[in-house]
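So the structure is just underneath, and the comments pick up after that.
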Amino acid sequence: MSLLLQPHLILYLLILTAVVVNGEILRPRFYSETCPEAESIVRREMMKAMIKESRSVASVMRLQFHDCFVNGCDASVLLDDTPYMLGEKLSLSNINSLRSFEVVDDIKEALEEACPATVSCADIVIMASRDAVALTGGPDWEVKLGRKDSLTASQKDSDDIMPSPRANATFLIDLFERFDLSVKDMVALSGSHSIGKGRCFSIMFRLYNQSGSGKPDPALEPRYRKKLNKLCPLGGDENVTGDLDATPQVFDNQYFQDLVSGRGFLNSDQTLYTNRETRGYVKMFSEDQAEFFRAFEQGMVKMGDLQSGRPGEVRLNCRVVNRSPIGVLFDS
């Protein structure tokens, strides 16, 4: 009898156990007993945030990428600087760019009220990112949970890893490959720019001095370039924001259609179409939204599996660790 059951047991364990870190298993419905309403609470708070400011959910979704690529998905990106630590918020790719940390604070507050000291900030980022996509018309998927929060953060690590708006497709392919993410994963995950906005700061070189030429990026469609010139004039306010695609409040494949038309906002986006290795995926996703959704979902799950293996905790406040590694309480 046990021999008959063994294959089913093995299959069950393979399905259940995706990643094991520090003895913790990442799995769906991790909080089903300790905080059964956790995912509902996160979605409710994300809905509130979207009603208050539609852009906020896109901003929260980006936190997953900026968190997971720097020493794994451990909420290190949420930590404020302290006298003992320079965190990631002021790194080159994050300063004046990452935002909506207060949405995560609100989610954490609601979860602490329902289930004190139970749900990690790292898991909040994963759930909230999924909800940002689902609430704006994109796919919905089951997330694996059970992460611990980092005890520290590193501005240097973020500077060394995260790409700039000037990055091209070749750089991004190499970066994602370091994390066992394929070219298709990278192109699909770039589709996160289906919602949200970007700053003029990120595209000034494209408009006026691409590759030091003193000229605009020739890949820019002329009418779109004129629109961006008006939005982002030389000498203007570089914190002004523009839409990342033509439907910035709807998660769809318009982003890829815009790239095919030469209307990508960021250099790192438009080069996905001019690069031979990524062009085919851009065309595929521009023509098949369902395929884009499937690939995006798979990429987000794979990215969510990235872990550092370092010790962690469940923070009571996502911006500060409960205690320093030497046992001294950080100021809050």
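Each residue, glycine too, has its Cβ placed from N, Cα and C.
Note that the coordinates shown come from a computational prediction; the quantities given were computed from them, not determined experimentally.
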Q.
Say which of C73, C115, C121 is recorded by TrEMBL as the disulfide partner for C35.
A. C115
(Q) What does TrEMBL give as the disulfide partner of C318, choosing from C68, C73, C121? (A) C121
(Q) Other residues near the Ca(2+) 2 site, CB within 8 A of the CB centroid of D245, T247, D252? (A) S194, I195, A246, P248, V250, F251, N253, Q254, Y255, Q257, D258
Q.
I need the most crowded of these disulfide-bonded residues: C73, C318. Count other C-beta atoms within 10 angstroms of each C-beta and give me the top one.
A. C73
Q) Reported as an integer number of Å, what is the Cα distance between C200 (disulfide bond) and H66 (active site, proton acceptor)? A) 20
Q. If you count other Cβ atoms within 10 Å of each one's Cβ, which of the recorded positions R62, H66, H193 has the most?
A. H193
Q: Can you check how the pLDDT averages out over the domain 'Plant heme peroxidase family profile' (25-322)?
A: 96
